[in-house]
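> I'd like to ask you about the structure that follows.
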Amino acid sequence: MKALSKLKAEEGIWMTDVPVPELGHNDLLIKIRKTAICGTDVHIYNWDEWSQKTIPVPMVVGHEYVGEVVGIGQEVKGFKIGDRVSGEGHITCGHCRNCRGGRTHLCRNTIGVGVNRPGCFAEYLVIPAFNAFKIPDNISDDLASIFDPFGNAVHTALSFDLVGEDVLVSGAGPIGIMAAAVAKHVGARNVVITDVNEYRLELARKMGITRAVNVAKENLNDVMAELGMTEGFDVGLEMSGAPPAFRTMLDTMNHGGRIAMLGIPPSDMSIDWTKVIFKGLFIKGIYGREMFETWYKMAALIQSGLDLSPIITHRFSIDDFQKGFDAMRSGQSGKVILSWD
């Protein structure tokens, strides 16, 4: 079968021919329809320090997808041939304390599809049936293919009660924009998103965010005054991993504010901890998606009218995968979809 693989320990990704993966007793064989390129895939393409320490070579990569069930392991129940599915990219052990306690998203032995085991940038993918999620008929293939990053956004945004709250989102990448859209959809009062990338801030405006602020050109305190905010933000969603953005968030949070952090800083990050202490801030780290509560919430949000379509900006045939990676690496894109049909 055709597959995109990390063949060499250097920059790039390559189209290869690999065997169709073997179906285990508890697995599903999925024929891939569409995949989306994640920031993680760009890290792997660039072969940065994280990738060099993490990714085995050679390996099929990718973890954002939608496809059709074409094979079912003999122990699997609840699925049938032809079911349209996406899937949770974190394969958990089932045996650690968190798994046995129902907190599978916190499994200490998590293995990543397309990171530690063969991924979805291929004509076929095998995953445990436990990890598959059936896609409702009224959700398109395009949207289903980005459920993985949408899940990061939903998990982060819905960490706290947002109704009537003022929310600051730092980082207008696709996940940050989707998190801001979720916050607005579920009843936040003001949702402000910050970045320095004007292309992505314009995407946020198309998604109906209250204010998309280029912090290289505008002062966040001026924006808060314009919105009639006198006490600071109630909820912060840190999606950028940029130390200056997190420090600004700490500066502008209200006392008793709550922060969910998904963005990964590039290295050690120094902050003024007295602001955390004296403001009584609550900071929560976010990893992946809650299994599978986040997935049900994703489907319900879309079915209740949340429109994510502006975030998908580029579509290519898999034969033009290089154009897709070029678009992602340029910073001038939202989500990029690769079609395998």
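In case you wondered, yes, glycine gets a Cβ from its N, Cα and C as well.
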> For the NAD(+) site that Swiss-Prot gives with D195, R200, L262, G263, I264, I286, Y287, which of I175, I312, I318 also belongs there?
I175
> Please identify which of C38, C93 is recorded by Swiss-Prot as part of the Zn(2+) 1 site containing H63, E64.
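Swiss-Prot lists H63, E64 binding Zn(2+) 1, and from C38, C93 it also lists C38.
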> List the same-chain residues at least 6 positions away in sequence whose Cβ sits under 8 Å from the Cβ of I264 (NAD(+) binding site), in sequence order, or say none.
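Those within reach of I264 (NAD(+) binding site), by Cβ under 8 Å and sequence separation of 6 or more, are G241.
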> Around the Cβ of L262 (NAD(+) binding site), how many other Cβ atoms lie within 10 Å? Please give the count over every shown protein chain.
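Its Cβ shell of radius 10 Å holds 24 other Cβ atoms.
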> Centre the Cβ atoms of C38, H63, E64, go out 8 Å, and tell me which other residues of that chain have a Cβ in range of the Zn(2+) 1 site.
T35, A36, I37, T40, D41, G62, Y65, G89, G114, G119, C120, D148, P149
> At a 10 A cut-off on CB-CB distances, which of the binding-site residues E64, D195 has the highest count?
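The largest 10 Å Cβ neighbour count belongs to E64.
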> Does DSSP put R200 (NAD(+) binding site) in a helix, in a strand, or in coil?
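For R200 (NAD(+) binding site) - judged by DSSP and reduced to three states - the answer is helix.
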> Given a separation of at least six residues and a C-beta threshold under 8 Å, show me what packs close to C38 (Zn(2+) 1 binding site) in the same chain.
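Looking at Cβ-Cβ distances below 8 Å from C38 (Zn(2+) 1 binding site), excluding near sequence neighbours, one finds G62, H63, E64, D148, P149.
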